[in-house]
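Straight from TrEMBL, the features:
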| type | residues | note |
| --- | --- | --- |
| REGION | A:1-30 | region 'Disordered' |
| BINDING | A:Thr86, A:Asp88, A:Glu101, A:Gln120 | Mg(2+) binding site |
| SITE | A:Lys103 | site 'Transition state stabilizer' |
Number of protein chains: 2
Amino acid sequence: MAINYPNGKKFSPPKDQPVQKKKKDVSFSNRGKTLEDELNETNSFYLQRGLAVIHKKPVPVQIVRVEYPSRSAAVIREAYFQAPSTTDYNGIWQGRYVDFEAKETEIRTSFPLKNIHEHQVHHMADIIRHGGLAFLIIRFSSLDRYFVLPFEILENYWKRMASGGRKSMTLAEVEEASVEVKPGAFPRIDYLSVLHQLMK
Amino acid sequence: MAINYPNGKKFSPPKDQPVQKKKKDVSFSNRGKTLEDELNETNSFYLQRGLAVIHKKPVPVQIVRVEYPSRSAAVIREAYFQAPSTTDYNGIWQGRYVDFEAKETEIRTSFPLKNIHEHQVHHMADIIRHGGLAFLIIRFSSLDRYFVLPFEILENYWKRMASGGRKSMTLAEVEEASVEVKPGAFPRIDYLSVLHQLMK
């Protein structure tokens with residue numbers, strides 16, 4: 001069983017997401033959870049409350065070899081990670097198509113733009129063109145701070161990098177261009193609550 | 001590296017999609033392509049023409065063991081198929097959120113409803129509630145016929161089955177409740193062209 005993806009490329013997941021460092025267990029800190037965990041919890045909350053239907057897409061893998069042991073589940077024995085051709089999350093909220101990528105960094109002073117692939121930038125630009133909402137959720141893990149950055153602004157900084165400029169956004173640039181979301185309990189990262197501010 | 005999915009279940013892909021039988025090579029017949037191939041081509045066409053941004057989601061797998069050989073890509077050595085918690089395809093078209101599942105059958109006279117999982121039915125019901133479009137694309141492979149069936153009608157037949165009724169829709173019921181799409185060259189299966197008829 002082989003699955004062909006449009007780009008056909010094999011992909012190694014980036015190694016630039018360092019192992020979570022030990023943290024003080026202050027109230028509402030992320031407590032060793034990944035941003036993905038936090039967003040999955042948040043999306044579950046939204047789904048259960050009927051507020052939105054937003055899911056993370058599965059990790060794309062190219063499956064090369066599958067074994068079918070008798071009396072048990074099929075086992076994938078050889079597969080490779082592939083570069084995602086879209087963003088990780090999409091869904092519907094208040095009748096609108098919503099699409100975003102989520103990235104975390106341990107760096108305290110800037111957000112590295114190499115975290116965002118070129119085809120993801122093209123994908124989000126397409127989404128905006130078709131009337132959807134596209135944005136980036138950034139977690140500065142060491143600072144326990146979360147930002148929702150509209151795609152249109154990300155795109156400007158990404159183009160600056162692509163034309164030879166700075167390879168990151170400074171924290172001050174992120175603060176200036178984003179809406180900050182304070183982490184809570186239920187939901188964990190209430191990013192939908194700030195989207196109205198981005199839609200102005 | 002282990003990835004946890006919400007339902008945590010291991011999943012064997014259904015074996016009820018028989019190997020494609022040899023066919024007469026009539027003009028515009030599916031020529032041994034799977035419905036997935038045809039829809040990927042169609043979605044590529046839509047994307048290139050700026051008509052819609054619709055992608056198939058990756059197959060969900062639970063990754064248990066990954067090897068990192070030096071100087072080459074990471075290899076997944078143990079992973080399992082998982083039951084999808086949503087449908088396979090979603091995206092945006094004319095500003096609207098679009099969500100669908102695609103199924104093919106070799107049977108000439110009916111469409112088996114066991115092809116649709118219960119959580120997929122709940123997912124599509126949620127999508128409708130939030131103002132999105134949800135539907136099923138059915139290919140009767142032996143007949144070379146394609147239908148777009150609105151979710152609301154699928155749901156009625158699915159409930160009939162769940163309450164002990166017939167486990168399939170007859171071809172006549174599908175013909176009655178769906179809009180048929182004639183396969184073509186570019187795009188291959190122009191399902192967007194019939195959505196206006198379903199939105200009445």
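Keep in mind that glycine also has a Cβ here, set from the backbone N, Cα and C atoms.
Projection of TrEMBL feature records onto the structure.
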| residue | record | Cβ within 10 Å |
| --- | --- | --- |
| A:Thr86 | Mg(2+) binding site | 23 |
| A:Asp88 | Mg(2+) binding site | 19 |
| A:Glu101 | Mg(2+) binding site | 25 |
| A:Lys103 | site 'Transition state stabilizer' | 18 |
| A:Gln120 | Mg(2+) binding site | 23 |
Hits for chain B proximity (Cβ under 8 Å) within recorded positions A:Thr86, A:Asp88, A:Glu101, A:Lys103, A:Gln120 read A:Thr86
Students should find that the Cα atoms of A:Asp88 (Mg(2+) binding site) and A:Lys103 (site 'Transition state stabilizer') sit apart, in Å rounded to an integer, by 10
Mapped onto three states, the DSSP assignment of A:Gln120 (Mg(2+) binding site) reads helix
Surrounding the recorded Mg(2+) site, with Cβ no more than 8 Å from the Cβ centroid of A:Thr86, A:Asp88, A:Glu101, A:Gln120 and those residues left out, we find A:Pro84, A:Thr87, A:Tyr89, A:Asp99, A:Phe100, A:His117, A:His123, A:Met124
A:Thr86 (Mg(2+) binding site) -> DSSP, reduced to three states, gives coil
